[in-house]
Amino acid sequence: MGCFGFLKVMMFAFNGIIFLAGAAILGVGIWVKVDSGSILGLLKGIKDAPAEMNQILNVGYLLIAVGAVLLIIGFLGCCGAMKESRCMLLLFFVIVLVVFIAEVAGAVVILVFKPLAGELIEKLGTKVVQNIKKDYGENVDVTALWNLKCCGFYNYTDFTGSPFEIRTHLYPQQCCHGAVFSSCNDTSATITGCFPKFKQLIDENTIAIVAVALGIAALEIMAMVVSMTLYCIIGSKSD
């Protein structure tokens, strides 16, 4: 097969992975926009939530855009390698380079603004708890919104003083393991809220997330090296 053929196969494999990843991300983005029961619907139902949180509601569009870009990258890389098109290979290299730079810049921004993100979440938590204490058990929409598998935003105390707790002297069933309506009280309410569960999920999978990010970065670098090598080889063949 030779070195040139091996590079073409590598290029095809790299971009096959990129294409499938793009299709998956695009599908998730479409699902987020279509599924009204997703966690984004939760944010829409929170009164007086911090204005910055409204930007999170655009995450569906972001995922769709990222997925579409990855699909284009995968298509260009595969076709450029198979058709030995220098134009496609060069365009592929430029797009992947821009994406790589954007990812590095995004990582830097996340590290720099991490304390601000913590403050934003704290503000959101305050508004959420106020919303629950005021309307849970009285407002149908708010009640349905928080009848999730997690117990409030932080824990069962989010429901203390709510119309539901004042009327029943109990806490929602989702705050207790296997509880029935008549037995979920402050001694049996041991299930944590949505935010601690989400934070725990992130903390437990930090290594996996970092590994995936580094793997993607390595894949992009290898794809750029292979594409530029093919670009040069094809150019020397045509001379």
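In case you wondered, yes, glycine gets a Cβ from its N, Cα and C as well.
Note that the structure is a prediction, hence the values are computed from the model and not measured.
Listed in TrEMBL for this protein:
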DISULFID  Cys151-Cys175  disulfide bond
TRANSMEM  12-32  transmembrane segment
TRANSMEM  59-82  transmembrane segment
TRANSMEM  89-113  transmembrane segment
TRANSMEM  207-234  transmembrane segment
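Remote same-chain partners of the transmembrane segment (12-32), defined as residues 6 or more beyond its termini with a Cβ less than 8 Å from a stretch Cβ, comprise 38, 40, 59-78, 81-82, 92, 219, 222-223, 226. Less than 8 angstroms from the CB of Cys151 (disulfide bond) sit Asp158, Phe159, Tyr171, Pro172, Gln174, Cys175, Ala189, Ile191, Thr192, Gly193, each of them six or more residues away in the same chain. Sequence-distant neighbours of the transmembrane segment (89-113) (same chain, 6+ residues past either end, Cβ-Cβ under 8 Å): 15, 69, 72-73, 76-77, 80-81, 213, 216-217, 220-221, 223-224, 227-228, 230-231, 234.
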